[in-house]
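The annotation signal peptide is assigned in TrEMBL to 1-25. What TrEMBL lists as domain 'B box-type' is 93-134. The repeat 'Filamin' feature in TrEMBL is assigned to 300-402. What TrEMBL records for 404-447 is region 'Disordered'. Sequence annotations record features per position, and here TrEMBL assigns repeat 'NHL' to 458-499, 503-546, 547-588, 592-635, 639-682, 683-726.
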Amino acid sequence: QQLYITCWMILLTDLFICRLPPSSCLQNYIPPESLTLSCPVCRQTSILPEKGVCALQNNFFITNLMEVLQREPECSRPEACSVLESVSAAAAGKPLCCPNHEGKVMEFYCESCETAMCLDCTEGEHREHVTVPLRDVVEQHKAALKTQLDAIHSRLPQLTVAIELVSEISRQLNERKNEAVAEIISTFEELERALHQRKTALITDLENICSTKQKVLQAQLSSLLQGKEHIQSSCNFTEQALSHGSATEVLLVQKQMSERVTALARHDFPEKPHQNAHLDCQVETEGLRRSIQNLGVLITTAAVAHTSVATGEGLRHAATGQHHTITVTTKDKDGELVRTGNAVLKAEITSVDGNRAAETEIMDNKNGTYEVGYTLRHEGEYSFALLLYGQPIRGSPFRLRAVKPSDVPQSPDDVKRRVKSPSGTGGHIRQKAVRRPSSMYSTTKKKENPIEDELIYRVGSRGREKGEFTNLQGISASSNGRVVVADSNNQCIQVFSNDGQFKMRFGVRGRSPGQLQRPTGVTVDMNGDIVVADYDNRWVSIFSSDGKFKNKIGAGRLMGPKGVAVDKNGHIITVDNKACCVFIFQSNGKLVTKFGGRGTSDRQFAGPHFVAVNNKNEIIVTDFHNHSVKVYSADGEFLFKFGSHGEGNGQFNAPTGVAVDANGNIIVADWGNSRIQVFDSTGSFLSYINTSADPLYGPQGLALTSDGHVAVADSGNHCFKVYRYLQ
């Protein structure tokens with residue numbers, strides 16, 4: 001009650017100060033054209049009536065308090081006194097006057113309008129409503145409010161802890177920002193000093209080189225000038241003697257002058273330059289500029305712990321003396337995969353007494369996933385904690401149990417397989433599928449029997465009778481609880497209930513419309529019609545729910561249709577295995593678009609098999625020989641792909657069937673590895689479906705039944721199986 005009164009006290013004070021009617025004040029507060037109202041105090045958002053603020057119902061309690069507020073107070077602080085007096089009167093249970101009938105006390109309560117009123121109101125606009133004395137409902141409402149108050153109070157400690165945690169993270173973020181700014185300033189100041197030092201060194205070296213060259217040139221210049229002076233003086237003297245000297249004087253100096261002139265004529269003067277003027281400065285700045293532009297990297301991620309997940313056999317079970325790895329997939333607050341690395345992840349394995357039991361190593365895959373490895377030396381129970389930025393990821397800490405290697409059932413990863421094409425004559429090697437680890441989202445207990453799996457039932461064996469199959473391919477499930485199977489080599493479609501009871505069979509072998517030659521894919525559209533991809537007839541046939549032929553589409557376009565699905569628009573998505581492309585048809589057969597081609601690029605396929613459509617209307621195709629799953633928009637634009645060739649988590653050896661659950665998780669039949677893998681909506685590996693007790697043998701089509709189980713066409717065993725699936 002105090003919280004309620006305080007909230008309204010704040011709001012009423014604001015209303016009093018603004019001196020406007022509540023509706024006018026709200027009209028000034030709400031942005032133009034707004035369809036919602038956000039409370040100025042508690043921020044709760046409400047939808048406005050079609051006519052806006054003026055159509056809001058009056059709250060008589062508040063309007064009465066406003067009347068009290070508008071009286072002239074007799075104190076130094078009128079606003080505060082009025083509000084406090086009004087609220088105190090309401091809290092003390094003093095009678096309040098009806099705003100519609102002056103002098104009338106509100107002593108009745110209208111249950112339809114949930115408001116208090118006076119006697120005149122009960123006889124006026126509320127005369128057809130159920131009204132009761134106010135005192136009769138006060139205690140009831142007080143008790144209800146007290147219950148709500150207790151419930152909301154219990155959240156305060158949690159919010160306090162959350163506020164402290166977020167505030168601490170905010171403080172650390174600012175602290176690290178300041179540290180990074182200081183480091184940037186320090187680094188660039190150091191670089192500036194280095195640049196200045198280099199500038200000084202270059203200038204000094206330039207001066208030295210120039211000085212050395214100048215010394216050589218000046219010495220040569222001095223020698224040349226001296227030689228020139230000697231020649232000029234000798235020439236002048238000789239010319240003077242010849243012009244003005246007597247015969248006796250000329251004869252007296254002739255010998256001396258002749259020797260000097262001869263010596264000067266023979267002297268080797270340094271007439272060729274002893275140095276050059278080459279002196280340039282080359283500074284390669286382009287590469288440096290590019291380096292400066294890319295200098296420094298800001299490292300961060302949007303990863304948070306509460307949405308990030310860990311998967312792998314080693315999360316809950318380990319064999320002593322053997323190295324185990326698990327995969328941590330980081331996600332942001334919205335559960336979207338973070339595709340960059342460098343997150344701060346810590347792993348710690350402790351024994352029951354709290355001591356560290358094993359060293360862990362973490363490998364950053366630089367794509368948002370991390371491999372955590374460890375080796376346990378002793379049997380026992382351990383706690384496996386995974387902390388992202390100091391906070392436990394979803395499900396952490398995990399209970400980890402280590403046993404002797406001899407006590408661990410054999411894994412299919414220990415069995416090497418050689419795979420041939422499903423259309424070839426070679427057989428598969430039967431093997432156990434990898435056990436699906438206990439789901440961190442599941443509340444069920446781990447099964448004690450190591451070979452017990454999640455199989456609910458299996459239907460069929462090799463044959464041509466009802467409930468028997470020969471090389472079944474596609475499988476689908478309808479919303480009305482039916483499982484539909486394409487019995488390929490028996491040229492028919494068989495229909496069963498969700499619990500495996502045979503319902504009907506239809507189909508006649510042949511190449512005419514309405515006949516089946518090699519049915520491979522099957523799906524059920526939103527009208528309950530059964531859509532069948534016929535590989536050898538090269539078209540798609542549409543039958544009613546009771547098996548009557550209605551239409552065929554794709555004739556003349558399709559070369560070898562394999563998988564088929566229906567999107568939210570009723571379009572029929574057909575995978576052409578032979579043409580290596582995907583066709584999208586309207587239900588009447590008109591082509592909407594097609595995409596793909598033979599190859600290994602993102603928009604190409606190598607023997608595509610089956611197709612599914614998720615809740616975003618995106619198209620998911622299994623690319624058999626490229627060992628991957630590719631996801632496209634409803635228009636055929638490539639979005640992403642996942643998977644590679646191999647036997648590890650998230651790898652494929654020729655994927656076939658595909659289905660999508662209500663959460664967008666993608667379930668894939670791994671034909672060559674004879675297993676079923678589960679991925680999230682971004683293609684990150686989550687787990688396996690446990691099929692170890694009755695191993696699969698070349699699984700083909702895959703579907704989710706209306707009751708949430710996984711149905712798979714076990715082609716090599718000529719049956720279909722239904723497994724529990726924990727979403």
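Positions of Cβ are set from backbone N, Cα and C atoms, glycine also.
No curator has checked TrEMBL annotations; they are predicted automatically.
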Range from 547-588, 592-635, 639-682, 683-726 with the greatest count of C-beta pairs under 8 A to the repeat 'NHL' (458-499): 683-726
Taken over the repeat 'NHL' (639-682), the model's mean pLDDT: 92
Contacting positions for the repeat 'NHL' (639-682) when only residues 6+ beyond its ends and CB under 8 Å are counted: 311-312, 327, 329, 336-337, 412-413, 417, 419, 422, 428, 430-431, 433-434, 436, 475, 602, 609-616, 618, 620-625, 627-633, 688-689, 691, 695-704, 708, 710, 712-713, 723, 725, 727
DSSP-derived helix, strand and coil totals, residue by residue, for the repeat 'NHL' (503-546): 0 helix, 22 strand, 22 coil
DSSP-assigned states of the repeat 'NHL' (458-499) in counts, ordered helix, strand, coil: 0 helix, 22 strand, 20 coil
